[in-house]
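Here is the structure we will look at.
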Amino acid sequence: MNRLQQLFQQQQRDLLSIYYTAGYPNLNDTLDIAEELEKAGADFLEVGFPYSDPVADGPIIQASSKQALDNGMTLPILFEQLKDLRQRVNIPILLMGYVNVVLQYGVEAFCQKCQEVGVDGCIIPDLPMYEYEELYQSTFEKYGLSNIFLVTPQTSEERIRKIDRLSNAFIYLVSSSATTGSNLAVSESATAYFKRIADMNLKSPVVIGFGISNKETYQAASQYASGAIIGSAFVKNIDANNLKGSIKEFMGQFK
Amino acid sequence: MNYFVDEKGYYGDFGGAYIPEMLYPNVEELRQQYQAIIDDEQFQQEFKALLKDYVGRPSPLYLAKRLSDKYGANIFLKREDLNHTGAHKINNTIGQILLAEKLGKKRIIAETGAGQHGVATATVCALRGLECVVYMGEVDIKRQAPNVARMKMLGAKVVAATSGSKTLKDATNEAMRDWIANPVDTHYIIGSVVGPHPYPDMVAQFQSIISFETKKQLQEQTGKSLPDYVLACVGGGSNAMGMFYHFIADESVKLIAVEAAGKGVDSGFSAATTTLGKEGVLHGSRSILMQTPDGQVVEPHSVSAGLDYPGIGPQHAHLFKTGRGLYASITDDEALQAGLLLTQYEGIIPAIESAHALAYLEKMQFKAGDNVVVCLSGRGDKDMETYMKYFNL
């Protein structure tokens, strides 16, 4: 059992997860940010490895990805930075990025490295379920990695059931039909959708992301799920000149 | 060997639908319905009627006599440049707008590089009275003002893609993001044989009218329906796939795809994807693309905006890898010279894209009597500024 699975075994309420882009604002901030987030109360983290063409992302994460690439971030460099991860950070870590970067690194080499440095799972939004099952699942399992699937308001019930069967950590519930960084309106249709999923009694815990930006949206999402993921709002608030202070201040609002 | 799409959406090692879950329902709806819609008799009647009466098809197959004398073979030009809007692009947009109507979509989005596909999309939206939004790189909007004006005149909204390199690949990303945000009422008209399955197959089928007509016209003009060679330029590869389609199964027909070498394959300013690229995933399908060792997409270069794309369609990747097609490249200079040559030998000013295919004739060895078809995918009016600068006209 990896750290992520252990976490969900112990706790399935009010989990707070933060996404940030590795290599942003500076190339070597990756572990400092993770350490600071753990101190400030994050329950688990998604560390984004940047890609030149992130179609599922809105302007903020596009910009942080571009800056990270301009800073020289690559997957080999990220794994090098994560060498000391488990000396400094205890909470579960997921890597999040697009499939082409993983393909070029080599799927098996990628999974092996993840296990070596202590990464617990991955979110690869453009890796289709069919390809995952046919080509990747056995490798992911061999190295103890959890693959996280996304579900959207348009995902059919049949497909959600299948995703539930394939999941071994949690399901990432995308809050609305949008790219990352749009603001969640806690509308009737959004809460109806969250309720619909909650009523399905899935075996996997559900965490809500996309559009979660502050305490209000975090609390609203937490009512219907095990917790919520914040990405763009966090990335936008990082201050390169006051890294630790800006993280502490942002996280303070959730206490 | 199967050169066409299999039931999983693959061409050998290439293809598939590498899309985020947010796009899955849209693409899945299309996947389940596209073939039945295309095969429907009423659809075919409407499609053929519009191609005939609105686009002006069949486009002529013209035996270019002076060019034939020069190269010592029978050089035929498939005149897609004579289509309404001046290129092959409209074959696809007519097909897709009818399909979008059958799917009940009210809003059309598209990406465009130089603006040719954007104009072809805005044209069919005006024809059918549908809302049209075209994404175009900020850099391209500045470079292609006349096409931006055409799209606006046709009633389309042109939205600047300001992310990444602000060119075609980023316009494609923005169109995909729009589709994520508008999953129910919107159809995305992709302009080439790229994107997630079923797009490469669907666009190839709409463009296959090119080789369908060519076969008949060759039969009438030469007494044989099969040529020895067909040539076409490749960016994403839609005119080439249309030109190859009905000849792929006949292995006696040599298929030659010509990519843009830009300033030279080794210059760092090139779009010669099969030479410089590696297998990977771009815009929803597994194919061959130009990228860094870390998998970041590399910005291509070509004098012709239509070939300025870092990937090729998955079916092309399959034809390349299996050796069924020969993939070559032509530099900016060679293409511009070939454009001038056609103009002065035959009185036809070709698009610089199409001139890449013509330029490859110089590099070939023919036997007397060889029948060679070159897809003249577009006309050169849009390229006059480039020609003027290059030749000091």
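Using N, Cα and C of the backbone, Cβ positions are placed for all residues, glycine too.
Feature annotations, courtesy of TrEMBL:
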type	residues	note
ACT_SITE	A:Glu46	active site, proton acceptor
ACT_SITE	A:Asp57	active site, proton acceptor
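Annotation for A:Asp57 (active site, proton acceptor): spatial neighbours A:Ser65, A:Thr179, A:Thr180, A:Gly181, criterion Cβ-Cβ under 8 Å with sequence separation of six or more. Following the DSSP three-state reduction, the secondary structure of A:Glu46 (active site, proton acceptor) is strand. Packing around A:Glu46 (active site, proton acceptor) is summarised by its Cβ count: 24 other Cβ atoms lie within 10 angstroms of its Cβ, all protein chains included.
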